[in-house]
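Here is the structure we will look at.
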Amino acid sequence: KEAEEVFKVKKSSYSKKIVKQLKKEYKEDLEKSKVRTEVNSPTDVEPPLEKTGQIKDIGQEDGTANSEHGEEEMEVESEKEEEKPKAGGAFSSALSSLNVLRPGEIPDAAFIHAARKKRQMARELGDFTPVDNEPGKSRLVREDENDASDDEDDDEKRRIVFTVKEKSQRQKIAEEIGIEGSDDEALVAGEQDEELSRWEQEQIRKGINIPQVQPSQSAEVNNLYYQNTYQTLSYGSSYGIPYTYATYGSSETKSQKTDNTVPFKTPSNEMTPVTIDLVKKQLKDRLDSMKELQKANRQQYEKHQQSREDSTKAIERLEGSSGGIGEQYKFLQEMRGYVQDLLECFSEKVPLINELESAMHQLYKQRASRLVQRRQDDIKDESSEFSSHSNKALMAPNLESFGRDRVIYQEQVKRRTAEREARRARRRQAREQTGKMADHLEGLSSDDEETSTDITNFNMERDRILKESSKVFEDVLESFYSIDCIKSQFEAWRSKYFASYKDAYIGLCLPKLFNPLIRLQLLIWTPLEGKCRDFETMLWFESLLFYGCEEQEQVKDDADISLLPTIVERVVLPKLTVISENIWDPFSTTQTSRMVAIVQKLVDGYPSVVNAENKNTQMLLKALLLRMRRTLDDDVFMPLYPKNILENKNSGPYLFFQRQFWSSVKLLGNFLQWYGILSNKTLQELSIDGLLNRYILMAFQNSEYGEDSIKKAQSVIACFPKQWFANLKGDKTISQLENFCRYLVHLADTIYRNSIGCSDVEKRNAREQIKQIIKLLASIRALDHAVAVANDHNVKELKILIEGK
């Protein structure tokens, strides 16, 4: 430890001094080398020095330098005897390089070593002048002083290194025990390489364990020289430690030399001595600081633990209070994607569905138009056949004088006549087989029979449309065209998250969403046909029947409750409107009865939908009225023949007249079937003003007065709804029937006049007919006319006739 204290000195304190001294030595040695003889001598082996471009001090003191110099002299003595003849050439080359150094140039390590060896050889050859204090020998004294300085420089040279100094052992010890604030710059030195550390340890060992050898003559001289030079500054005096040389390998030490020693105080920049109390104090302080740090860390750890527990509780609380928001969000995202895909699918398929629906409607319309046109052609053909020649010309106004078109027209008439008579014969045969021939009247049957060709073409086109409709969704997954699958998706939404379901107005969107699929199923639905299936028995109706009707309490203003009525409004009513306008034939009692039945069912079953305020209902009723007016204007025809022509009941004109009369009565009955659906005013306008007063009364006036006229009048009155007359007040009937009542009064007077002068039987029959007329007037609430007829013809059973109406 004492040896380590010796070498721990600031490195920067000797660097400038060494350079200055080397320059001085170089100049003096250069002068002496001119007069001295070059001598070969063995060179000492110095420890390797590295050139790093920077000179550093290793912190050696003067006492250590003297001890090392003494060791070097002993090594020179022993090597001089053995290797004197060997090293002549190497040293001569080193000496020759002394003259090469330019003035002002800093010498390197090899140059310094060569100069030092040169001075050593001069001493050995006797070229050494002892110390003399005489004034005349000032130059020798200066040279001796230079020699002493050389020895001193030689010691300082041992401190010159050209590598980065590694941390010393003292620095490592100081860092381990935690001593801070030292003024020793060795504690903050950079890292040293391993070679310098080994060399430093070797120098420490040399300074402590120098073996005792017998000095030679030259060594004695040198000792005298060194004593004179360093007598005021001994080895141990400057550091306060004894100057001791220990024999290498010996356990005893020589007696300490206390001669010429002057004690000095320790420099102020030295480090405080390390004691056990100091180490204990440092360790204790460090332990206390670590305990405080541990305490702070533990408090921080506990704080983090508490924060973690609070965060966990907050997460659990938020997850519990969220009410499944995450699942709801995921579900709604899935529904959003599903609905987008469904709408994209429908955007591709709805145009195809519209085309198929239009094609089917067009097919039925063509068939209905063909039947209506055929009936109109038959009426024209029969009317022209039984009219005068001039009237026949009017029936074919575009005939040429050459008769070419006339021939074609006559051929068409003959063909249509043959087909018409064939159909009538088949219907007559069918009635005979069923036993309805006696009750049948010509004109009451609907001539809606089709040819086999028309039926085949119709069925082929119908099958083609159905085949195309089956391919509409063949490339689509079932979940995007099945009503059950789509319904299940929205039912799940309704049952899980009803609030968002209601906020999204899904109840209002579902009818429009199901509209294409339902229209596709209703593609061949035509209520005018007897084999048509009721829409309430279809799959879509059964699937959606209980939608939104869960066991839980119903929410007020729930739109899902009106799902089916809304579908009926938006799907069924528009389809019925198209059927009424283009397919329905008012002359057909069967079609009219079926049409009235389906509309009445909607009125009774869906009163919230089928009402006067609903736009679709208004469009349906408007289509019905337009179709009836068109029939009234285009299809009703009443021929006028003289009575002498009608007297022959087997003639063609009579049969044609009767057929047209009864067809008009049938149409009147078909119109009046809409009672309860259409308003009374509208029905009275159509049936009484448009048909009865315009056509039927004209036929009554041309008919034979008698039993036949009373029978026809009874058939007409039978068509009137009884509700029209139930609530009438007074003795008058409705104003539109005044013409019909006057005709009945005129009929009674005519029968009475015709019975005058006849037999009692005929008079009795005439009186019974007058009583029937009174009943007919009483049945339509025309009491004023009934009383007048009874008074005119002395009928006393008026009260009984009125009550037995």
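Glycine is treated like the rest: Cβ placed from N, Cα and C.
Annotated region 'Disordered' per TrEMBL: 29-91, 118-162, 174-195, 295-314, 418-452, in sequence order. The compositional bias 'Acidic residues' feature in TrEMBL is assigned to 70-80, 144-155, 177-194. What TrEMBL records for 134-143, 430-442 is compositional bias 'Basic and acidic residues'. The domain 'GCF C-terminal' feature in TrEMBL is assigned to 484-695.
Only residues 6 or more beyond the boundaries of the region 'Disordered' (418-452), in the same chain, are considered here, and those with a CB under 8 A from a CB of the stretch are 367, 371, 374-375, 378, 381, 458, 585, 587-591, 655, 658-663, 666.
Taken through DSSP, the region 'Disordered' (418-452) splits into 18 helix, 0 strand, 17 coil. Mean pLDDT of the predicted structure over the domain 'GCF C-terminal' (484-695): 88.
Helix, strand and coil counts from DSSP across the region 'Disordered' (295-314) read 20 helix, 0 strand, 0 coil.
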